[in-house]
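Enquirer: Can you keep this structure in mind? I'll have questions shortly.
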Amino acid sequence: MTAMDDLLNNNGVSQALLLFHYIPELIPAAVALALYGVVAIYLTVRIYISKSPKFLYILAFTALMEVIGFAVRILCHFFTDLGRYIGMTMFLLLAPNALALVNYKSVGEIIRLSNVETNKFYLRPKFVTWFFFSSDIFSFCLQGAGGGLQSTQSYNNIGIAITLVGLALQLFFFACFAAITFYVQRNPQYQYYVEGQPNAKNRLILCLYVTIALIYIRSIYRVAEYATGYGGPIARLEWAFYVFDTIVIYLSFIVYCVFFIGNYLPKHNAPTQLPTDNSSSSSQTEKGDIEAASKL
């Protein structure tokens, strides 16, 4: 009996070869789990200590979902069944999409803090946040439904098609969002004030541009993976998953840590506009009056 026959006699290994088309490697999954775990802890602590906007906890939550996904992948190395495969797919396929929600909310905050009046509905902060949020939820649902169907042999092709539609829609809406971000960056009317950050808007948008590009690369990889079919040449390459998904998303987290969004948005009850010349001169006058009165 050959080594492959021995493997195929093990039901867990047979399932791994059927679902993954390879046996998941242990060491890369363990390294990824550790790295994402460090990021999840770091972001949670930093967001809490800095009293940053609460929506940034989405970053820490997403990193935690990656940790869970890779924990399940480690279990699949030892024994694979349908439940583990579906759970791992849900966490590792859907979780990174939540990073886009942070970007949507950030641009919405820039628009809101700038207090620019506009007739263009697509430049209203609630539209930017909630429309793209809703579009992401819709694409999440499609990808989740497709991911679940792919694990069933009879519905495999339907699942791939649904997942592909979800990914394509996400790419389209993300491109629209990138265009709005570019417009907000180029328009000098969109300005706000953060104490101690002389160029807060541009630094925040730099973070958004880099992460948009990285998330887009990951989405293109996923589209190519599903477009070539379940068990296609891309799906069979474990290194491609780690390079174009795991590492790309981890680099996004590194950018979020280095260009920490909480630094470029005002804290609770902090001023959001630069003091005007009138207010400055008024305060100087009041100060002079107080000094004169004290001398009397």
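Backbone N, Cα and C define each Cβ position, glycine as well.
Nobody curates TrEMBL annotations by hand; they come from automatic prediction.
A quick note: this is a predicted structure, and the numbers were derived from the prediction, not measured.
Grabbed the feature section from TrEMBL, which reads as follows:
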TRANSMEM  20-43  transmembrane segment
TRANSMEM  55-80  transmembrane segment
TRANSMEM  86-106  transmembrane segment
TRANSMEM  127-146  transmembrane segment
TRANSMEM  158-184  transmembrane segment
TRANSMEM  204-221  transmembrane segment
TRANSMEM  241-265  transmembrane segment
REGION    273-296  region 'Disordered'
COMPBIAS  273-285  compositional bias 'Polar residues'
COMPBIAS  286-296  compositional bias 'Basic and acidic residues'
Enquirer: With Cβ distances under 8 Å as the criterion, find the stretch in 86-106, 127-146, 204-221, 241-265 that has the most pairs with the transmembrane segment (55-80).
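Expert: Highest pair count goes to 86-106.
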Enquirer: Same chain only, please: residues at least 6 beyond the ends of the transmembrane segment (158-184) with a C-beta under 8 Å from a C-beta of the stretch. Say none if there are none.
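Expert: For the transmembrane segment (158-184), the far contacts come to 97, 100, 103-104, 107, 110-111, 122-123, 128, 132, 135-136, 138-143, 145-152, 190, 205, 208-209, 212, 215-216, 219-220, 222-223, 226-227, 229-230.
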Enquirer: Which sequence positions outside the transmembrane segment (20-43), separated from its termini by at least 6 residues, show Cβ-Cβ distances below 8 Å to it?
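Expert: Distal contacts: 7, 13, 56, 59-60, 63-64, 66-67, 70-71, 73-74, 76-77, 80, 85, 231, 235-236, 238, 242, 246, 250, 253-254, 256-257.
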Enquirer: Within the same chain, where does the transmembrane segment (127-146) have neighbours whose Cβ lies under 8 angstroms from its own Cβ atoms, ignoring anything closer than 6 residues to its ends? I mean 6 or more beyond.
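Expert: Residues packing against the transmembrane segment (127-146) from afar: 90, 93-94, 97, 100-101, 104-105, 107-108, 111, 121, 158-167, 169-170, 173, 176-177, 180, 226.
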Enquirer: With Cβ-Cβ distances below 8 Å as the criterion, list the same-chain residues six or more beyond the ends of the transmembrane segment (204-221) that contact it, or say none.
Expert: 96, 99-100, 103, 106-107, 110, 167, 170-171, 174, 177-178, 181, 184-185, 234, 240, 244-245, 248-249, 251-252, 255-256, 259, 261, 264-265
